C-alpha cells in the first residue's frame, strides 16, 4: 500500500503496521501448518548452489553444490558425425534451379553430339571440336555440382561464397563453350577437312555448335545476373546509414505545482 498526496514522495506501509505482533505470529503458524512435512524452510536454510554469482567457487556450506567444479568435469559435447541433408524440391521450380538444369542439359547435349561424331568417324575429332567438348562437359559437371549443393541445402553448411563461385563457374563455362563453338563453326565453314566430311557428322557438329552457343548464352546470362546482384549489394553497403536521432527527454515537471 502507498499513501501521500501532492508533491510528497510515495510511502509504503508494511505488514507490521497493519497487524499486531500476535496476529503476525498467528499467520506464520498457519503458513507452517499448510507447508508439507517433506519441505520445511528450516531444512533448506543451509542448501545453496555455490558459485552462482561469482567467477570462482566460494567456501562450501554443509550441503552446497559446486556448479563450477561440476561443469569443469563434464565432458564436452560430442561433435556431429554427419551433415544433415535436406531435399529442397521447390528449388526445381525456382529461376536459378531451372536455369541450372537448362545449362546441364545443354552442356551434356553438346558433348554428346561431339562424342557421336567421334563414334561415327572412328577417331577423335579435331582440336576445335575437342575444345567444344571440354567446354560442354565441364559446364555440365560444374553446374551439376552446384545444383546438388543447392538442392541438398549444403550451401548453408559449407563456408563458401556461393554467389562468387556461381559467377566464376558461369564465366568459365560460357567462355569455353562460346570459344569452342565459334572455332568449330569457322572450321566447318572454311576448313577442307570438315567440308569433305559425311553429311551426318557435319549435321551433328552443327548441332553441337548451336547447343554450345545456347549453353554459353545461358551461362553468361547467369554470371551477369550474379555480378549485378553482387554490385548492388556492395553499393548498398557503401551507402551512409541514417544518423541516429536521440529522443528528446520529457519536459521536467515542477514539484511545486
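Just so you know, glycine gets a Cβ as well, placed from its N, Cα and C.
Listed in TrEMBL:
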- 52-71: region 'Disordered' (REGION)
- 98-119: transmembrane segment (TRANSMEM)
- 131-151: transmembrane segment (TRANSMEM)
- 171-191: transmembrane segment (TRANSMEM)
- 203-234: transmembrane segment (TRANSMEM)
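The list of residues near the transmembrane segment (171-191) in space but at least 6 beyond its ends in sequence, with Cβ under 8 angstroms from a Cβ of it, reads 103, 107, 110, 126, 128-129, 131-136, 138-139, 142-143, 202, 205-206, 208-210, 212-213, 215-220, 223. Within the same chain, residues 87-88, 91-92, 96-97, 100-101, 103-104, 106-111, 114-115, 125, 158, 162, 165-166, 169, 172-173, 175-181, 183-184, 208-209, 211-212, 215-216, 219 sit at least 6 positions outside the transmembrane segment (131-151) and bring their C-beta atoms closer than 8 Å to a C-beta of that stretch. Proximity of distant same-chain residues to the transmembrane segment (98-119), defined by a Cβ-Cβ separation under 8 Å and at least 6 residues beyond the stretch ends, is recorded for 92, 125, 129-130, 132-133, 135-141, 143-144, 146-147, 150, 173, 177, 201, 204-205, 207-208, 211-212, 214-215, 218-219, 221-222.
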